[in-house]
Amino acid sequence: MGIKHLYQVISENAPDAVKTGEIKNHFGRKVAIDASMSIYSFLIAVRSDGQQLMSEAGETTSHLMGMFYRTLRIVDNGIKPLYVFDGAPPKMKGGELAKRSARKREAHEAHEEAKETGTAEDMEKFSRRTVRVTREHNEECKKLLKLMGVPYIDAPTEAEAQCAVLARAGKVYAAASEDMDTLCFEAPILLRHLTFSEQRKEPILEIHLDKALEGLGMDMAQFIDLCILLGCDYLEPIPKVGPNTALKLIREHGSLEKVVEAIENDPKKKYVIPDDWPYQEARELFFNPDVRKADDPQCDFKWESPDVEGLVKFLVTDKGFSEDRVRNGAARLAKNLKTAQQSRLEGFFKPVAKTDAEKASMKRKHDEKIEEQKKRKKEDAKAKKEAKARPRGAV
């Protein structure tokens, strides 16, 4: 799930933190990818007639199809991917996982009912909600990656946290995930949409943590408190506290301790803290997640030549893929993983640090831009209100 509305908050209040671009812009870079999130998206997206792809033996192959062809696309564009798999979830995540499981059961029942009475759209919608990544899906994807010569590592708990460690250490350029909580684990750069299909034509989003903090006017501790208040995987959100309110509360009070105190002492009782809301524990999970250090031997990785015959046996003989396509893909892998060794020019130049005056000027321009946006919103709201109040037919 990640952090609710965090991308909206950053894009509206720290627009300089977000860059959009094409996948080819990341040529020559190493990227750590949240494998479990990617596999989930493959199971949802790689479908035929609303159903997951199956082998002749009735085994699901959507995850393998997605992993093979999306990884090929990444490598074709000169990127060297490293996949990171989730380990056991933190205990605090148990409540959220239980809720997801309950929602999936409800969706499964609704899907069965839609088969009898609903439309094709209803069936597709509820079918997608029943999807979950199993241990077997993970193991098959690991086998595939090994045959492709693409490295992977197993995280002790959260894959996003491990990706962030590798990015902070400079072992990869960025962490790639659709989960915005990757930023809470202090990933310097987060890439979104990297494993999307080419047909979706979604630009790659590149989110820079330092610019997000600068634009929001927060330090890392306040940013994590904001994310907890927005709603994370570890705690249920405070009812009626949306993104604008969460941002206002953190800016006004500076920390969750003071926010909670203000809410509890409010005579109007506008907001109510849930009975069991251990935000200090959630904060600790973001600050000190269970991860392997970047110099851990298990975090050593390298890209190798694909095992062509092994791929043919696994994907063609066992899973029913097209042999021509698999062999063609293996040839592209072998060629492009070598090409990706080329260095980017930026690696030879050290960026020049901005002066205090330049930073102040950038902040002033940013503040003026935000004020202008607020002014436009007020004017639009006023115009809509006047239009509604105007008698029908009046000019």
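Placed from the backbone N, Cα and C atoms, the Cβ positions cover glycine too.
The region 'N-domain' annotation in Swiss-Prot covers 1-104. Model confidence over the region 'N-domain' (1-104) stands at 84, taken as the mean pLDDT rounded to a whole number.
Residues annotated as Mg(2+) 1 binding site in Swiss-Prot: Asp34, Asp86, Glu158, Glu160. Of all Cβ atoms in the shown protein chains, 21 besides its own fall within 10 Å of the Cβ of Asp86 (Mg(2+) 1 binding site).
DSSP gives Gly231 (DNA binding site) a coil state; it is part of no helix or strand. For Arg47, Arg70, Glu158, Gly231, Asp233, the entry in Swiss-Prot reads DNA binding site, with the evidence type sequence analysis.
Residues annotated as region 'Disordered' in Swiss-Prot: 94-124 (among others).
Sequence annotations record features per position, and here Swiss-Prot assigns region 'I-domain' to 122-253.
Annotation source Swiss-Prot lists Mg(2+) 2 binding site at Asp179, Asp181, Asp233. For Asp179 (Mg(2+) 2 binding site), other Cβ atoms within 10 Å of its Cβ number 23.
For 341-349, the entry in Swiss-Prot reads region 'Interaction with PCNA', with the evidence type sequence analysis.
Annotated compositional bias 'Basic and acidic residues' per Swiss-Prot: 356-389, in sequence order.
What Swiss-Prot lists as region 'Disordered' is 356-395 (among others).
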Translate the DSSP assignment of Arg70 (DNA binding site) into the three-state scheme. helix
Looking at Cβ-Cβ distances, which residues of the chain lie under 8 angstroms from Asp181 (Mg(2+) 2 binding site) while being 6 or more apart from it? Gly2, Ile3, Leu6, Glu160, Cys227, Cys232, Asp233, Phe286
For Asp34 (Mg(2+) 1 binding site) and Asp179 (Mg(2+) 2 binding site), the CA-to-CA distance in whole Å is 9
Across Asp34, Glu158, Glu160, Asp233, listed as binding-site residues, the smallest other-CB tally within 10 A is for Asp233
Of the binding-site residues Arg70, Asp179, Gly231, which one sits closest to Asp86 (Mg(2+) 1 binding site) when you measure Cα to Cα? Asp179
Using the recorded Mg(2+) 1 site (Asp34, Asp86, Glu158, Glu160) as reference, state which further residues of the same chain have their Cβ within 8 Å of the centre of those residues' Cβ atoms, listed in sequence order. Ser36, Met37, Val84, Ala155, Thr157, Ala159, Ala161, Gln162, Cys163, Ser177, Asp179, Thr182
Rounding to whole Å, the Cα atoms of Arg70 (DNA binding site) and Asp179 (Mg(2+) 2 binding site) are apart by 18
